[in-house]
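Quick notes on the structure that follows.
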Amino acid sequence: MSESRRPLDIGECDHTDLEPTVNEKEPIDVSAGDHPPPLFVVPSNPGQGQEHDLERRTTTATDGETYPDGGLEAWLVVLGAWLALVSSLGLMNTLATFQSYLTTHQLADYDEGTIGWIFSVYTFMVFFLGLYIGPLFDKHGPRWLILTGTIFVCASLVLFSISTELWHFILSLGIFCGTGCSLLFTPSFAAVGHWFQTRRGLAMGIASTGGSIGGIVFPLMLEALFARVGWAWAVRALALLCLVLCAAANLLIRARLPPARGASARPDFRIFGDWAFALTTAGIFLLEFALFIPVTYVSSYARAQGFSESFSFQILPILNAASAFGRALPGYWGDKIGPFNINLIMIVFSIVATLAIWLPAGSYTAGLVLFAVTFGFASGSNVSITPVCVGRLCRTQQYGRYYATCYTIVSFACLVGVPIGGNILTSNGGDYWGVIVFTGLVYLGALIALYLAKVCKVGWQPWVIF
């Protein structure tokens with residue numbers, strides 16, 4: 001993709017070489033000449049590597065690199081990544097538990113929007129710092145990054161356990177823990193890409209379920225410990241668990257490929273001249289903006305509707321359990337119908353879950369559980385599929401630059417989404433209908449932006465695989 005290419009209007013997007021040659025009702029794979037990037041991809045050849053055994057079957061990518069695509073060493077790296085993601089993404093999926101407890105205890109005098117800054121700073125740090133941690137991984141490998149991340153996460157949780165003021169919580173969880181989780185999150189995903197090519201979608205899907213498992217175990221663990229030993233020791237116990245998980249991850253995760261030559265991972269805002277990329281970035285921005293509002297407020301919502309404290313903690317693990325399937329399965333389906341297509345389908349399910357289930361029926365036990373399951377499954381693809389969509393817009397050698405540019409913008413959605421949701425809640429006197437409608441509308445905006453991005457590449461052809 002040329003950087004000097006002038007911006008395109010939707011009507012003049014370059015898709016003439018992608019016209020279907022058979023019946024439009026039959027899916028057409030238009031990506032045969034556009035190889036996905038080495039990270040965050042699903043298998044590009046359905047005929048290769050579909051067996052789910054552990055044997056080693058070396059494959060050679062188009063860039064000349066060979067990949068084991070299996071074997072004990074490779075799957076141990078996946079296990080290590082899974083353990084690291086239990087700690088990093090697991091904490092991200094536990095934010096609603098922290099938010100629900102703090103609003104009724106240490107920070108009861110603050111409104112929802114103000115408290116939301118703790119968690120928005122955290123998510124911002126996780127995504128934004130990845131832009132700089134990625135090149136460090138390329139140069140130095142994962143060992144020191146994960147070790148540093150382990151120290152940051154465990155120390156920050158200890159500080160979090162003794163925090164009493166708002167700025168204490170922002171500093172300990174938002175800045176320190178966010179930095180540590182980014183140091184775990186980025187190398188874990190990158191290392192898996194060093195070992196898998198044709199089965200990378202399967203490997204990445206398995207590794208990414210670690211965040212969902214952490215989002216099940218951590219809230220249930222905290223719920224049990226809050227009543228028995230109190231806030232401080234419950235959070236310290238969580239820090240100890242993260243220490244054990246990360247220590248094992250540090251022993252298992254290894255890089256294999258030499259540093260890339262000449263590839264830049266720095267943001268390059270000139271590529272926003274490509275309308276497909278600009279619209280994809282806008283769509284992902286809106287996805288992340290909407291995602292963390294339900295994830296952060298679902299437990300507080302349950303309590304506000306009169307559900308028991310126990311149930312308000314349990315609804316988050318239900319959502320995260322569904323998210324585990326929503327992270328793994330769309331990677332497989334995306335190989336069949338294309339990452340943009342599966343992402344659009346999952347966004348439709350997110351809109352239905354928000355506006356057709358949560359809004360009218362969330363005050364009932366069955367309705368709230370149905371919302372948690374549906375939304376958890378639908379939103380799981382936000383982590384596993386959106387980077388693949390970015391990769392479909394560029395060559396492999398350009399992926400670092402495209403990904404960095406996109407997520408430089410997207411990270412700011414994580415920064416402002418939760419506080420804006422909290423301010424809407426406060427302005428409605430604690431009534432959640434405004435937050436729910438706002439979330440659904442933001443998802444609708446993401447759907448429109450990503451569909452128009454697809455149009456820029458393949459035209460107005462809904463059956464095209466892309």
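Every residue gets a Cβ built from N, Cα and C, even glycine.
Source: prediction; values computed, not measured.
Annotation comment: TrEMBL describes 1-65 as region 'Disordered'.
As annotated by TrEMBL, compositional bias 'Basic and acidic residues' applies to 1-28.
Taken from TrEMBL, the feature domain 'Major facilitator superfamily (MFS) profile' applies to 73-457.
Residues annotated as transmembrane segment in TrEMBL: 74-95 (among others).
Annotation comment: TrEMBL describes 115-137 (among others) as transmembrane segment.
TrEMBL lists 144-163 (among others) with the feature transmembrane segment. Sequence-remote contacts of a segment are chain residues at least 6 beyond its ends whose Cβ falls under 8 Å from one of its Cβ atoms, and for the transmembrane segment (144-163) they are 84, 87-88, 91, 106, 133, 136-137, 169, 171-173, 176-177, 179-184, 186-188, 231-236, 238-240, 242-243, 246-247, 249-250, 253.
If you look up TrEMBL, you'll see 169-190 (among others) marked as transmembrane segment.
Tertiary proximity for the transmembrane segment (202-221) is limited to same-chain residues at least six positions away from its ends with a CB under 8 Å from its CB atoms, namely 40-41, 43, 49, 52, 74-75, 78, 81-94, 96-97, 188-189, 192-193, 195-196, 234, 237-238, 241, 299, 313-314, 316-317, 319-321, 323-324, 327-329, 331-332, 380, 383-384. The transmembrane segment feature in TrEMBL is assigned to 202-221 (among others).
The feature transmembrane segment is assigned by TrEMBL to 233-253 (among others).
Annotation comment: TrEMBL describes 274-299 (among others) as transmembrane segment.
Look at TrEMBL and you will find 311-330 (among others) tagged as transmembrane segment. Residues 93-94, 96-97, 100, 205-206, 208-209, 211-217, 219-220, 222-223, 294-295, 298-300, 302-303, 342-343, 346, 365, 368-369, 372-381, 383-385 of the same chain, all 6+ positions outside the transmembrane segment (311-330), place their C-beta atoms under 8 angstroms from a C-beta of that stretch.
If one looks beyond the transmembrane segment (342-361) by at least 6 residues along the same chain, the residues whose Cβ comes under 8 Å of a Cβ in the stretch are 287, 290, 294, 326, 330, 333-334, 367-368, 370-371, 374-375, 377-381, 385-386, 389, 433, 436-437, 439-440, 443-444, 446-447, 450-451, 454. Under the heading transmembrane segment, TrEMBL lists 342-361 (among others).
The transmembrane segment annotation in TrEMBL covers 367-390 (among others).
Residues or ranges marked as transmembrane segment in TrEMBL: 402-420 (among others).
Per TrEMBL, transmembrane segment is recorded for 432-453 (among others).
A contact links the transmembrane segment (169-190) to the transmembrane segment (74-95), because at least 3 Cβ pairs that are 6 or more residues apart lie under 8 A. Using a cut-off of 8 Å between Cβ atoms, the transmembrane segment (115-137) and the transmembrane segment (274-299) share at least three residue pairs, counting only pairs 6 or more apart in sequence. Outside the transmembrane segment (233-253) by six or more residues, the chain places 76-77, 79-81, 83-84, 86-87, 91, 142-143, 146-147, 149-150, 153-154, 157-158, 160-161, 184, 187-188, 191, 218, 221-222, 225-226 with a CB less than 8 A from a CB of the stretch.
A Cβ distance under 8 Å defines the sequence-distant neighbours of the transmembrane segment (402-420), meaning residues of its chain 6+ beyond its ends; these are 37, 39, 113-114, 116-117, 119-121, 123-124, 126-128, 130-131, 134, 265-269, 271-272, 277, 280-281, 284-286, 288-293, 296-297, 387, 390-391, 393-394. The stretch from 74-95, 367-390, 432-453 that makes the most Cβ contacts under 8 Å with the transmembrane segment (274-299) is 432-453. Beyond the ends of the transmembrane segment (74-95), by six or more residues, the same chain brings 54, 56, 68, 119, 122-123, 126, 146, 149, 153, 177, 180-182, 184-185, 187-189, 191-192, 194-196, 203, 206-215, 217-219, 222, 242, 245-246, 248-254, 292, 295-296, 316, 320, 323, 383 to within a C-beta distance below 8 angstroms of the stretch.
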